[in-house]
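S.K.: Let me begin by handing over the structure; questions about it come next.
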Amino acid sequence: MDTIPADNFTVELQQLDTTSRAERAKWLLNSPEPPSLWHKITTLLRDTVSPLGNILSSSADRPKGGTGTVVCFLQGLFPILKWGRNYKAAQFKNDFMAGLTLASLCIPQSIGYANLAKLDPQYGLYTSVVPPVIYALMGSSREIAIGPVAVVSLLLSAMIQNIIDPSLDPTNYRRLVFTVTFFAGTFQAMFGIFRLGFLVDFLSHAAMVGFMGGAAIVIGLQQLKSLLGINYLTTKTDVVSVLDAVVKSLHHPWNPLNFVLGCSFLIFILVTRFIGRRKRKLFWLQATAPLFSVILSTLIVYLTKADKHGIKIVEHLKGGLNPSSVHQLQFGSPHVGEAAKIGLICAIIALTEAIAVGRSFASLKGYQLDGNKEMVAMGFMNIVGSLTSCYAATGSFSRTAVNFSAGCETVVSNIVMAITVLISLLFLTKLLYYTPIAILASIILSALPGLIDLKEAYNIWKLDKLDFLVCIGAFFGVLFGSVEIGLLVAVIISFAKIILNSIRPSTEEQGRLPATNIFCDITQFPMATKTSGMLIIRVDSGTLCFANANFIKERILRRVVDENEENTKERVGVLVLDLSNVMNIDTSGILALEELQKKLTSQAIELAVANPRWSVINKLKSAKFIDKIGAGRVFLTVDDAVDAFRHLRMTALSSC
């Protein structure tokens, strides 16, 4: 059998490699035109306005028949129609028990959160009836528990009381709350229908950690009024104003019995929570402790006539079905613009909390939530809620955790909870007449530690210092300014971070990993070796545009100078620009590349481009930049570029 001489084999291998390299370059240069801007816009608009594109989960779900389309659309809009057909009695048993457990926690919390929102207690209970039922019909999370929450209650009271004082004009204050809730629901539904969920992402995880922590402390300070039995506390929410008002109030007569009663039951609730978390079988302790506290404290006050001795009580709590509030919406009010602004803020905060809660528990059960569908469900439940005397509702982390621990199977547990609360409204409100206000404060205070996540704040500090700056910016903004200032600070710092990363991207010098054709950052991988006479630079930016093009060009030229100063034996003869990370380029970016090419040419350095993306190579061809550097200087990979110039160097040396 004949053997191929080694020299001939090497030559043939080089020729084969050269041919395949050229072919790969042709694939890149001759790729078809990318979709036009008009095509992208029309596709985006079609997907946005198409209800099927938003409601149906996947193309496989899209039916072909007319009747089937309607059925599938309705099943997408109301998921309960789809999974409800296979609902079993065993599932209902679990949901029923979870719903009852949930109601035992929800009833006292709802009354307390209504107090935090500066509303009468029954409005918190109303909010735990209608929104959970609407969400059960339209929502896709199986575990999330819907109702009033501390942060949204604080947001409403903190911002609306700057417009109308609830103590002076409670009727118009309440009407404005319903109007804000309507706007919040409208914004949430629009975010989902028009796929604008990315707006929620402007509040990053770090911002929410800081905001929630600051809000928790502010909420806790607000409860000092009820816990100490103070008649009046400042309407401001910053920590300095609240503490100053508390100190001044202590100089006036106040009843320590409120404080003793509230703190006693606060300790009881916290102890039961500790036991419930240590022993999972006793989780029901932490769920029922608030309701038990309300019942026991009410009995104590009733039997001892403590209300005659300074203990402040709820007194009248209106019962019955949710009354209509359609006529109370104030669209003609001079404050409608401010109501819309507050509604937008509440919509974003409520969605951020609900989706975070829903996704965290969905991951434990091994399924995914569709953010847009959740927004639609949240939006419609708040729109309907605003028409039935409810204020803004969302998913509660503490109640969802209880629902999950209680073994809920589906959102039917929300319906059971809502029915239980409704029964309480119909028959049990008179029993709550003697409920101490201090107990409601202790229930709210017991829920606050879950909002302050020190462990996560520490993790953010370890992972990303700029993210931590966003976190503490939101925290101190809420604490020493207001909830609006805290949100504004968080958004501004987040945008500044994005802009900073965009206009000051890094550039990496690359080398080849030993025994591979992989090129990577030589700083991250010290074992990577440089290629003699060549400088390989990767641009770490998604766009090469007017904001960063000149900066990137100057950084690259600086690296060329540094490389020549560091290695005086062999100067840089070729610069390979790895554009694999660059997804788009504008005219300023192309102009910067042209200027870079001219500068390099004046220094007898060749410029090559590796792995440009579809949109980038198309624009470079249209701008005639490829003609200026030569089609033979465009490569599919960095490895192709390095091998090509090595081959040229070997050819040049052999010809000498």
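Glycine is no exception: its Cβ is also placed from the backbone N, Cα and C atoms.
Dumping what TrEMBL says about this protein:
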| type | residues | note |
| --- | --- | --- |
| DOMAIN | 541-645 | domain 'STAS' |
| TRANSMEM | 144-164 | transmembrane segment |
| TRANSMEM | 176-196 | transmembrane segment |
| TRANSMEM | 202-221 | transmembrane segment |
| TRANSMEM | 257-276 | transmembrane segment |
| TRANSMEM | 282-303 | transmembrane segment |
| TRANSMEM | 375-394 | transmembrane segment |
| TRANSMEM | 406-427 | transmembrane segment |
| TRANSMEM | 433-454 | transmembrane segment |
| TRANSMEM | 466-496 | transmembrane segment |
S.K.: Could you tell me whether the transmembrane segment (144-164) and the transmembrane segment (202-221) are in contact, taking contact to mean 3+ Cβ pairs under 8 Å with a sequence separation of 6 or more?
M.R.: yes
S.K.: By a Cβ-Cβ criterion of under 8 Å, what residues six or more beyond either terminus of the transmembrane segment (406-427) are in contact with it?
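M.R.: For the transmembrane segment (406-427), the list is 80, 83, 87, 91-92, 94-103, 106-107, 110, 122, 125-126, 128-130, 132-133, 135-136, 139, 141-146, 283-284, 287, 319-321.
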S.K.: Looking only at the domain 'STAS' (541-645), what are its DSSP counts of helix, strand and coil residues?
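M.R.: So the domain 'STAS' (541-645) is made up of 59 helix, 16 strand, 30 coil.
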S.K.: Under 8 Å for C-beta pairs, could you tell me which stretch among 176-196, 282-303, 375-394, 466-496 has the largest tally with the transmembrane segment (433-454)?
M.R.: 282-303
S.K.: Which whole-number mean pLDDT does the model give the domain 'STAS' (541-645)?
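M.R.: Over the domain 'STAS' (541-645), the predicted model scores a mean pLDDT of 93.
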S.K.: Which of 282-303, 375-394, 466-496 shares the most C-beta pairs under 8 angstroms with the transmembrane segment (176-196)?
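M.R.: By the under-8 Å Cβ criterion, the transmembrane segment (176-196) pairs most with 375-394.
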S.K.: Please report, as numbers and ranges, the same-chain residues at least 6 past the borders of the transmembrane segment (282-303) whose CB is under 8 Å from any CB of it.
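M.R.: Sequence-remote neighbours of the transmembrane segment (282-303) are 101-102, 104-105, 107-109, 111, 261, 265, 268-269, 272-273, 275-276, 311, 313, 402, 405-406, 431-432, 434-436, 439, 442-443, 446.
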